[in-house]
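Worksheet for the structure shown next.
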């Protein structure tokens, strides 16, 4: 089988490096059953994920199947900066993360709290209006802080307020593991075939054709009387955006792209 043969190219299976609300790591076994048969036959050459988040599905497909190109989009600028830093300079990032992790773990609980909130304050001063099209070595500190805050904040929750400021308090972890070196290297290998972009989901139409597979995992429509989290960015993703996504899906279908979408069940929305 194509899947088992391809695994020989990897020494470590890449998995998400950040905890992300709505991430699909725990649902992969169910999602894999929905992958198009063309992917399993090796007929899909390009994979697109316009709401990449933790990118669990991308990593699984990249590890399991032979694809030539991937396009990963997201509207969280910090995620794009982190992924591009891994793509271009993973070993320097690893060294910086070791320094940050060692420093944090050497502190007392009270010192850790002060350290965390100082980093969070600095993190929120970074300019959001930057050109993310071209990698910059100046992003290194910013990428480190994204991983640090994600792994030391309360419940691993990435949340921003309306001003786009990260506002999650410190988590109560004794010895948090900020990163796995082997996984970061595997992720950088997976990113070798990827174009990582701060883009609107409608950009997938530029690449949609019969040899592409698109997986959409947008912020879900809220279900009445259920807890719903959608504050990955300061941008709204309301019913108007859901309808626009529907039109993109229809257009991509007409271009013969194979597609899969995750969302809340419409039948439960207004119960």
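Cβ from N, Cα, C; glycine included.
Note that the coordinates shown come from a computational prediction; the quantities given were computed from them, not determined experimentally.
TrEMBL lists 20, 24, 74, 217 with the feature S-adenosyl-L-methionine binding site.
Everything TrEMBL records as a feature, shown here on the structure.
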{"residue": "20", "record": "S-adenosyl-L-methionine binding site", "DSSP class": "coil"}
{"residue": "74", "record": "S-adenosyl-L-methionine binding site", "DSSP class": "strand"}
{"residue": "217", "record": "S-adenosyl-L-methionine binding site", "DSSP class": "coil"}
